[in-house]
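Contents: one structure, followed by commentary.
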Amino acid sequence: MKPSIILYKTLPDDLLHRLEAHFTVTQVPNLHPETVAQHAQAFASAQGLLGASETVNRALLEKMPALRAASTISVGYDNVEVDALTARKIVLMHTPAVLTETVADTVMALMLATARRVVDVAERVKAGEWTESIGPAWFGVDVHHKTLGIVGMGRIGMALAQRAHFGFTMPVLYHARRRHQEAEDRFNARYCDLDTLLQEADFVCVILPLTAETRHLFGATQFARMKSSAIFINAGRGPVVDENALIAALQNGEIYAAGLDVFEQEPLSVDSPLLNMSNVVAVPHIGSATHETRYNMMACAVDNLIDALQGKIEKNCVNPQAAG
């Protein structure tokens with residue numbers, strides 16, 4: 001008899017068939033309490049859980065006593081109570097490698113769009129404001145040869161440094177929990193403390209996961225240390241930044257502009273002051289959102305769950321100690 005799993009994300013037919021070759025699959029729209037209650041027997045017997053963007057917490061795990069592995073279609077897992085999974089010897093699988101290049105492309109796009117005011121001037125053209133040769137009121141600032149400061153030198157940080165160093169001749173500074181010798185050797189990146197990075201960088205790019213240590217890592221003090229000409233990019237997690245402090249820094253001219261893929265509350269409220277600022281490029285958490293990469297993420301998550309329920313957790317496992 002095949003193990004049973006809960007699938008809470010719509011998959012392409014070929015990936016669904018791959019799952020069904022290994023498991024009895026119950027598809028549900030979400031993990032809300034009413035959904036769990038409606039499918040109580042399926043949740044109670046499920047050994048696997050696969051999906052994205054829903055909260056996986058202790059209350060859910062209480063309804064899933066047979067659960068052995070959870071697979072998230074994402075690299076981040078701040079919506080999952082990992083400690084609760086580990087305590088129950090449930091492994092958590094994620095998809096870190098397949099989205100690296102695409103997210104780095106998004107960060108680079110935010111840097112370019114924000115610096116060159118692409119969104120703002122495009123909207124002005126559409127509004128009929130381009131009636132004569134443009135002047136300084138339409139100008140942006142250069143990206144090439146500017147100093148890039150990367151906060152978080154993981155896979156995505158490395159991919160961004162590669163683009164900046166080789167493609168735009170940008171000196172690279174970085175701050176991370178530990179020095180990254182490969183970044184220093186390949187991109188001549190310079191490790192520095194956060195204050196130094198903030199004071200010297202023309203672009204400050206945040207690519208950090210959300211943890212207790214990184215929550216509101218960027219607040220009024222940090223923005224005050226940045227150049228008034230600096231551009232701030234957040235492509236990590238929204239709550240890493242105190243959004244009210246960011247809004248104040250933009251309104252007061254403490255920093256030049258911001259490109260934001262993530263926010264403290266998502267979706268972003270329609271009455272957020274950020275939406276009325278011409279020096280803000282705001283996009284809806286599109287970091288990995290290409291057709292190709294999202295398919296590859298789903299395929300990776302499917303394979304991760306198949307492997308995990310066969311005891312193979314050598315790669316892409318967040319908490320391998322849970323299998324001990």
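Each residue, glycine too, has its Cβ placed from N, Cα and C.
The active site annotation in Swiss-Prot covers Arg237, Glu266. What Swiss-Prot records for His285 is active site, proton donor.
Each residue contributes its Cα atom, and for the residue listed as 'active site, proton donor' and Glu266 (active site) these two points are 8 Å apart.
Ranking the active-site residues Arg237, Glu266, His285 by other CB atoms within 10 A of the CB puts Glu266 at the bottom. The two recorded residues Arg237 (active site) and Glu266 (active site) have their Cα atoms spaced 10 Å from each other. DSSP assigns Arg237 (active site) to coil in the three-state reduction, placing it in neither a helix nor a strand.
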